[in-house]
Amino acid sequence: MSFSERKMPGFCRIFMLVLLLAHSCHGFYLPGSYMHTYSPSDSIYAKVNSLTSIETELPFSYYSLPYCKPLGGIKKSAENLGELLMGDQIDNSPYRFRMNVNESLYLCTTNPLNEHEVKLLKQRTRDLYQVNMILDNLPVMRIAKQNGINIQWTGFPVGYTPPNSNDDYIINHLKFKVLVHEYEGSGVEIIGTGEEGMGVISEADKKKASGFEIVGFEVVPCSVKYDPEVMTKLHMYDNISTVNCPLELDKSQIIREQERISFTYEVEFVKSDIRWPSRWDAYLKMEGARVHWFSILNSLMVITFLAGIVFVIFLRTVRRDLTRYEELDKEAQAQMNEELSGWKLVVGDVFREPDHPKLLCVMIGDGVQITGMSAVTIVFAALGFMSPASRGMLLTGMIILYLFLGIAAGYVAVRLWRTIKGTSEGWRSVSWSVACFFPGIVFVILTILNFILWGSKSTGAIPISLYFVLLSLWFCISVPLTLVGGFLGTRAEAIQYPVRTNQIPREIPARKYPSWLLVLGAGTLPFGTLFIELFFILSSIWLGRFYYVFGFLLIVLLLLVIVCAEVSVVLTYMHLCVEDWRWWWKAFFASGSVALYVFLYSINYLVFDLQSLSGPVSAILYLGYSLIMAVAIMLSTGTIGFITSFYFVHYLFSSVKID
């Protein structure tokens, strides 16, 4: 499937959109794909995506199974970067529809199935693989009844295995229902970003645009046993009589050696009141809205609790102590200094260089890059620019944003390096490390997973050509921009410490319990704001559900930022109060430790919610991708906590008078 993001970069799309809006005086709609209108009897061909399963999470090509092939051969649709990384492989198919023509058609009859084909069909059937078909950019939807409730699924199964049976049956007859809406071509101006690129339907084109638009695509899958001797006399697209789905197994098509399988389909066009802008509503029905609101209210309670603690620290403790200290004369201050306890005693050590300063700067730089990418992506998605109709657009946009935010990562890392070291020496090494640290971790994990996918012959494996594309983007865009950002960081003014650092480090009093235990425990509070939304995100990724509640996600992101900042400030203050001046890394991991709980929750989700996931390969893939997610969350949340704590400590000690 070819969308316009493959033809122009994201900023060009936005620029073009602004230009179009500037001279537009009618209402417009930005659905993520261009509206197609069809005249009666116009031919429309469905496309097929990779076969997918929630049991294995290994996508395979549709034509890896003995299905009918198009008359003109298999042609792959152009794919964007996001689609390739997600394992999508969209091909043309022989399924042809003619607008508003109800018909039952024959496709083909296979050669006698050999042992390999039978084994493959049985394996895909028992692994619950789904066929994903697309018509006019809409995924096919199957409606099934469970306990009297209609449940919607995208795709249909390769086959099925009856209870208490060792036989498998293939789905070889499809009953399609295409919902169409008659479009008059008046009163609405459409701005689209679909296969034809961006464009506006002008007044002159409105008559031409009149016709029928596809607003729904449903299927009822059947298994029907045909007489191969009769069926082989037919040609592709010959008419056949309408078929009722048989309930008896002896009238269904079994999968076994030497069987010849005939594929047929029928299509019914039904007029609908659904308008084209609303055609995705059926796929995006938001379930569990109350749960989302509960998550947000839960987060607000945590924020209120932490805000109260911060309020007490600032107004009742810090300000009171500072006011008392400033009201004393110099002799009294000197006497009070001898009796002081708590954070004021570490005034000469609080800005002492931390352990592994380069690693800290690198992680803060990468955290800024990831946080910026996530925030901009979620804001754009919440505003409706990331339509599910544009497959892979979300991931493609995230990668492009990450590349260009390298300049911010380099700037922040090098400026922090100058602040800690007092010199710009070594900034190139810091910039290079920022450009390679997180991408290097992702690259190593993806390479290991890719070898596993290659061994399984899955379409989820990243092609060698795409590897070179990703490496080119990395070293030709991200690395240079990070170095530019680092250079700008050397030109920026270093942050001046408000107090001098003593030459001899102050001894840290012994504690009854290790401080790292408190730091790790602090991660439970940010996790409390995140875990409910995390369930929906994991379900979207691993159970094939559409996730489109980015408004909720944006609110949760804002709450998470506030909680991370508050937790880190509280923990930093607690450590300074017990005369522990080594706050740098603890401020980072106080909020960054939420990643540990995210990873543990991912394992819990694997064990209890993905019980159908089969085989060590699927589990390794799941854990590998979860590890990447956990590292990204650690860098992002840790950076938020560290930066907040740094400015808190800077403010705190800038208020202390030192002779």
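Using the three backbone atoms N, Cα and C, a Cβ is placed for every residue, glycine included.
Here is what TrEMBL records for this protein:
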SIGNAL    1-27  signal peptide
TRANSMEM  293-315  transmembrane segment
TRANSMEM  359-386  transmembrane segment
TRANSMEM  392-417  transmembrane segment
TRANSMEM  429-454  transmembrane segment
TRANSMEM  466-488  transmembrane segment
TRANSMEM  516-542  transmembrane segment
TRANSMEM  548-571  transmembrane segment
TRANSMEM  583-608  transmembrane segment
TRANSMEM  620-653  transmembrane segment
Given the cut-off of 8 Å on Cβ pairs that are 6 or more apart in sequence, determine whether the transmembrane segment (359-386) and the transmembrane segment (583-608) share at least 3 such pairs.
yes
Quick check: do the transmembrane segment (516-542) and the transmembrane segment (583-608) share at least 3 Cβ pairs under 8 Å, counting only pairs 6+ apart in sequence?
yes
Test the contact criterion for the transmembrane segment (466-488) and the transmembrane segment (583-608): 3 or more CB pairs under 8 Å, pairs 6 or more apart in sequence, then answer yes or no.
no
Between the transmembrane segment (429-454) and the transmembrane segment (620-653), are there three or more CB pairs that fall under 8 A, provided the residues in each pair are separated by 6 or more in sequence?
yes
How about the transmembrane segment (548-571) with the transmembrane segment (583-608) - do they touch, taking at least 3 C-beta pairs under 8 Å (6 or more apart in sequence) as contact?
yes
Within the same chain, where does the transmembrane segment (583-608) have neighbours whose Cβ lies under 8 angstroms from its own Cβ atoms, ignoring anything closer than 6 residues to its ends? I mean 6 or more beyond.
350, 354-356, 360, 363-364, 515-516, 519-520, 522-524, 526-527, 530-531, 534-535, 538, 542, 563-565, 567-568, 571-572, 575-576, 619, 622-623, 626-627, 629-631, 633-635, 637-642, 645-646, 649
